[in-house]
Every structure is written in C-alpha cells, then in structure tokens.
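Note sheet for the following structure.
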Amino acid sequence: MALVHKLLNGIYILRKCPMPSAASCLFLGPHFADYCSSSLQKPVTAPGKVDYPQGKSKRDLQAHHQTEVALDITSEDKPEVSFDKAIRNEIKDHFLRLKDEFVNRWIGPEGRPLHEVLLEQAKVVWQFRGKEDLDKWIVTSDKTIGGRSEVFLKMGKNNQSALLYGNLSSEAPHDGESGHSGYCAMISRIPRGPFERKKSYDWSQFNTLYLRVRGDGRPWMVNIREDTDIIQKKNQMYSYFMFTRGGPYWQEVKIPFSKFFFSNQGRIRDAQFQLLLDKISSIGLTLADKVDGPFFLEIDFIGVFTDPAHKEEFAYENSPDLNPRLFK
Amino acid sequence: MNPIIFITILLTLILGTVITMISSNWLMAWMGLEINMFAIIPLIIKQHNPRSIEAATKYFLTQATASMILLLAALMNFMYSGQWTIMNFTNSMPPFLALMALTMKLGMAPFHFWVPEVTQGSHLTSAAILLTWQKLAPLSILYQIFPSINHNLLLYSGILSIILGGWGGLNQTQLRKILAYSSIAHMGWMAIIISYEPSLMLLNLIIYILMTLSSFMLLIGNSNTSTASLAIMSNKTPLTMIMLMGVLLSLGGLPPLSGFMPKWLIIQEMTKNNSIILPLIMAMLALLNLYFYMRLIYSSALTMFPSNNNMKMKWKYTNLSYSTLLPTMFTLSMLSLPLTPMMNLLL
C-alpha cells in the first residue's frame, strides 16, 4: 500500500516538476525517469537494448513482447533511463495539450459543443475505475505537521471504486506549539492545462454535488476551493458535512451548493458568502472528528447535477450586528 | 450603499476622467487617471463577496502598474524635452512606454487578461461603468499623443486585440465575460484606426459606448448574469429579449444596424490609405464576435432552453428597475446607420 502510494508520488514528482526547480528535477530525474519511460502497465522491450526500437515496425515489437513476456519478469528492474527522452516527451505532451486546447476551444467549452454544455443536467466529474484516476487525488494527513494519523488510497475491488483508509490519531505532535491534531484528507489535484497552467471547473449549470460513497459511519467534511490565482484565495474554502452510514449499502450523498459555508484560514467566518460555481479548482474530503481509530471510505464517483426541486440560492444570512460593513 | 457615499464616488469618478480630458499637463493627466482608479474600486466591491474583492485587487494592480509606467513616460519626456505639456514626444522611448501603459489601462492585448476576470467579478452596474466610462480617460490621452507612437506597434496591438477578443469570447456562458471580450475587440478596432483618422476612433467609441450601455441596461433590468438565465427572459419580458437581440446584433456589426457604421467607415478609410489586407483580416475576425453573439441570441431568443426552478420562480416578480434612458440608448444604438453621411459634419 505504501509502495503504491510512493510510486504514485514518484510519477507526480517527475511530471509535475515546475520550471524554477529544474535543478532539483535534474537531480531527481534519473531516479524517476524509469517510471516515465516505461510505465507500470506495459512490459519492457528486450533487456540490454539502449534505445527504443523506433525504426522497427509494430509487428516486430509485438513479436518481441510476446517472446519477452514469457521470460524473466525481473527484467523490469533495469528499464532504460533516458533523461533526454523523458524531457522531450514531456515537451511534446505539453504542445499536444496546447493544440488540444485550441481545437477544443473551437468546438466549445471543454471540447464539447455549447448547446450540449448548456443543456447538460448531470455530470460525473471524478470516478475511480483505474490507477490513473487515483493520480488525480492527493492524500494528506497530519503526519505533515508531526502527528500520527495515516491515510492511504487504493483502488477497490474489481477497480470499481477507490478506498480511502487509514488510522486517525488525535495525539498532538510534540513540537511545543500545536495543541490539536488528527485529520486526514483527500484533495483533488487542480486540473492542469498546457505548460502546467491551472484550469478550473465551471459548474454554473449545476446546483448540487453528488457523491456515491460507502463509509463507516464517520462524519466527513466536503471542502471546495475556488480558483487560486491570488494568494489570499488559497486560504479560503467552502465546506459542508457528509455523514456516512456504516452499512453495506452504497450511500448517495447530495449536497446543494447553496449549503456550503465559507471559511478562511480554517476558521468559519461571520461574514458568509455564496459559493460561486464558475471557477471551482478542487474538492476535498476531510476527516477530523476527534475519534481515534481506523477509518475507511469507499468512493464510487463524484458528480454534479441540477436538482430542479432545489430553489435555495444561499442558506446563510449575514447579520448587520456582526458585520455592519456589509450593510453600508 | 449609502446614497451620499455613492454620489460622492460617482462624482469623483467623473472628476477624474474630466481632469484627464481637459488637462494639458502630463502630471494632471496622470492625477486624473489615479483619481478615476481610486473612485471605481469601491464600486467594484459594491456587492461584498470574495470574488468581487479579487476583481478589485486585480483591477488595482494592473491599473496602478499602468499609471506608474505612464508617469515614467511623462518623466522621461520631461527629461528629454524639458516641459510637461502633452505634446508629441521628441524621443522614441517615452511614447513606447506610454503606449504600453495605455494598452494596460484600456485592456488591449497583450495586456487584456484582467478585463474578463474583473468584469466577471463585479456587479453588472460596476461592470457597465468599467467597460464604458473607464475607456474615456486613456483614450483621450491616446488621442493627443498618437502621432508620435510607433504606428506598427499600435497596429499589432490592435489586431491582436481583435483576434483575442473574438477567440476568447467563443465559449463563454457568463454574460459579463462576453461583454468584456467584446470590449477588447472593439478597443482593437479603435486602436487601428486612430493612426489613420482619429475622429473615426471617437465615432467608434461613441457607438460602442451606446451599444454596451444599452446591453448592460437590459441585463441589469433582469439581473441576468449567465446564458441560462437569459433563456427564461423571453417568456417573462419578450420585448426585452427582442431589444437584447437587436443590441447584440448591432455589437456584432451587422449592416442595417448602427454597429455597422464604425466598421464600414474604418474599412473605407483604411482602403483609401492603400491598406487592403489588414481591413480584410479585421472584417473576417469580426465574424468571430458575431458568432458568439448569434449563439447567445439563439440560446435566448430563438429557442427555449430548459432551466431549473430557481429561474422559473423569477416569473412571479416583475421588474421595475429599467433605466429611463433605455429607449433612447437602444434607438441610438440600433437605428443610427442612416445618419452616416452626416458624420463628416458631426466629427
């Protein structure tokens, strides 16, 4: 489990290495280039070959694969480490993404025709059907601040769901300054376009969040972050609670976007604002219920839809006593 | 907002622009621009939410940078020529800096990135002021200094604005962003023609302001901010829908409407100056703008889109907040094409 987690992180480090830390990339490159140039799924070509057989036809390659798969599997230990090739592939991939962006823009928003986008009433945004779907999420726990919670993410049975599991420990880290601890979270990565430009989701046609989960009775918090252009926006998020039942049946959680409340730097603010849906950048599920022990959450998919019966625009009011400035 | 404060802010806004327009001193012009910028920031934050504060921050950062660069241009001009009067520059560096500053202020490419974000983040009324009134002051400075600005740079900036204004508006469902991209494209047309015939730039500005204000007034009347909410407008107020359709077609430059007038005269002026390919490219790129207006009209006036109950509930409430100037603005922005032969007399 930890190995899978580490492998996933390894791929992340090479692919998402930003330009300014090119030096560290160069240092880390050779260690992780093997994950890039030979992916985890494909069998490798014949051992001892230095470069990919680019001149060869597909038939020859297949023949090679057929002969090689039967052989010793430990040939995977020595994949070719071609740093230049990895860089070139990365650049080519970025230019391909740029070209896709232009073509998709011509077709319509997100590559689909506009009338289709406007008429859409339900959309699955994240689903868990393979390892590449797990790559879109980051799992984190209070281990980063010195706590003892552990959290892992893996694919569930038959690759039909993802299982987020681990152990929550509310023992405070012994660093002399934190008094509380104990949280585990799964946060979606911000979608990136060409050259690692941050993109955002536009959910303005929808009004409810839909999650199909199977939990263990613990209360989770669903957090939505908006576009993080400006530095202050990194600390702002909109949250709501998701109470899971422990049963063997799948649970469908529908949270209207009007119910999300605003918090800044982890504190719920007196001044509440509506969640605006045209620039959502990431969603997260957090467990911080101060109960020590193991936990698990199985997630089938996360989507958004339009609930025609839901008429509320915003569930909270601002009070002139607490925030007179808002009413000037 | 408290009415007294609101009036004060509006008057300050007007003061800033008027100071820039009537001044012959570089420092006074800069001062007017700064007063203008400070006055509009509370208008952007009129509706308190994190998005509008983000919009105000982005607006402040870009406009303050542009003001600083303009002040640098004025100081360099003083260094080279020894006087503060707004005249044609003597050296080549100050006009380049001034052009950069003015393109940032106006939201022309390559400094156009703030326009859709700021327009989207602010309330409809503030967005209307942002896209119309805020263009007056920088354009008045540009009008005075255009002979010494590098003609090619202005042309490149203009054509890039037209391209990006058309391309950027293609997939928008938010109405304020659509009008922001239309503003970028129109600024491009104005920038290109200023070197040939500055009075045509003024004509384009006036017609653009009329059309944009009419469209904003119609949207404010129904509090529409996205294409989906336009869908229900045809059932509630069919007259508003027809008017919006007319104004959008006029913005796109379709012939019998007055939006065609500036485009026609600009193309005519450029061909008289032996520039054939550029107006051809400009006219073809204007089709991109027309395409997304037509798509908006299609989704609102010509078809009835499914919408959720939230929007349907708006049927119950009739809106009485249309501006009294709306019929006048609408008529001027749609039906003034026959006045074209008189334009030589007016300008």
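Glycine is no exception: its Cβ is also placed from the backbone N, Cα and C atoms.
Sequence annotations record features per position, and here TrEMBL assigns domain 'NADH:quinone oxidoreductase/Mrp antiporter transmembrane' to B:23-286.
Per TrEMBL, the feature transmembrane segment maps to B:57-76 (among others). Within the same chain, residues 26-27, 29-30, 33-34, 37, 40-41, 44, 84, 91, 93-95, 97-98, 100-102, 104-105, 111, 114, 117-118, 121, 130, 141 sit at least 6 positions outside the transmembrane segment (B:57-76) and bring their C-beta atoms closer than 8 Å to a C-beta of that stretch.
The transmembrane segment feature in TrEMBL is assigned to B:96-115 (among others). Sequence-distant contacts of the transmembrane segment (B:96-115) (same chain, at least 6 residues past either end, Cβ-Cβ under 8 Å): 33, 58-59, 62-63, 65-70, 72-74, 76, 89, 131, 134-135, 137-139, 141-142, 145, 149-150, 153-154, 157-158, 160-161, 163-165, 168, 180-181, 183-184, 187-188, 191.
The transmembrane segment annotation in TrEMBL covers B:153-171 (among others).
Residues or ranges marked as transmembrane segment in TrEMBL: B:178-196 (among others).
Remote same-chain residues near the transmembrane segment (B:202-220) are listed as 124-125, 127-128, 131-132, 135-136, 139, 143, 175, 179, 182-183, 186, 189-190, 193, 240, 243-244, 247-248, 250-251, 258-259, 261-262, 265-266, 321-323, 325-326, 329-330, 332-333, 336, 343, 347 (criterion: CB distance under 8 Å, separation of at least six residues from the stretch ends). Per TrEMBL, transmembrane segment is recorded for B:202-220 (among others).
The transmembrane segment annotation in TrEMBL covers B:241-261 (among others).
Outside the transmembrane segment (B:276-298) by six or more residues, the chain places 155, 159, 162-163, 165-167, 169-170, 172, 175, 178, 181-182, 185, 188-189, 192, 227, 230, 244-245, 248-249, 251-254, 263, 266-267, 270 with a CB less than 8 A from a CB of the stretch. For B:276-298 (among others), the entry in TrEMBL reads transmembrane segment.
Sequence annotations record features per position, and here TrEMBL assigns domain 'NADH dehydrogenase subunit 2 C-terminal' to B:290-343.
TrEMBL lists B:319-339 (among others) with the feature transmembrane segment.
Computed over the domain 'NADH dehydrogenase subunit 2 C-terminal' (B:290-343), the whole-number mean pLDDT of the model equals 78. Within its own chain, the transmembrane segment (B:241-261) is flanked in space by residues 182, 203, 207, 210-212, 214-215, 218-219, 230, 233-234, 286, 289-290, 293-294, 296-297, 300-301, 330, 332-337, 339-340, 343, which lie at least six positions past its ends and keep a Cβ under 8 Å from the stretch.
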